[in-house]
């Protein structure tokens, strides 16, 4: 019979969309097919984990930016506040106290405000460090444990 192609019975033909055996099909895969499926699944898993790590690092970067901004604001407030309010407060307090005592009181209040802002900024920076994608790493560990568990079966 020339010009004819060998056809398989329909019960052994798989849909191109499904890698799972159909009704009546035997669940036998060649080693090459299994390696190909494992490679494809592992590649997908790695891409998903990298995407998760990128997202987590971006979030930590935003937090670090906020913390740095708060620290910068603390410095600016401390500087501008010292320059403008210090003179006015010293003059006002010097009506009741000696000038040197008034200056020390104003300075202490401004540094307390700067300290509070610096503490808030530092707390934001601590939440952003270390810049390591912890959720992604936990997810990878869980995936590895799952793969090991299935490999033992």
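Any Cβ shown, glycine's included, is placed from N, Cα and C.
The model shown is predicted, which means the values in this text are computed figures rather than measured ones.
Feature list (source: TrEMBL):
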REGION    1-30  region 'Disordered'
TRANSMEM  70-93  transmembrane segment
TRANSMEM  99-120  transmembrane segment
REGION    128-153  region 'Disordered'
COMPBIAS  132-153  compositional bias 'Basic and acidic residues'
### Summary
For the compositional bias 'Basic and acidic residues' (132-153), the DSSP residue counts stand at 19 helix, 0 strand, 3 coil
### Outside the transmembrane segment (70-93), six or more residues from its ends: residues with CB under 8 Å to it
99, 101-103, 105-107, 109-111, 113-114, 117-118, 120-122, 124-125
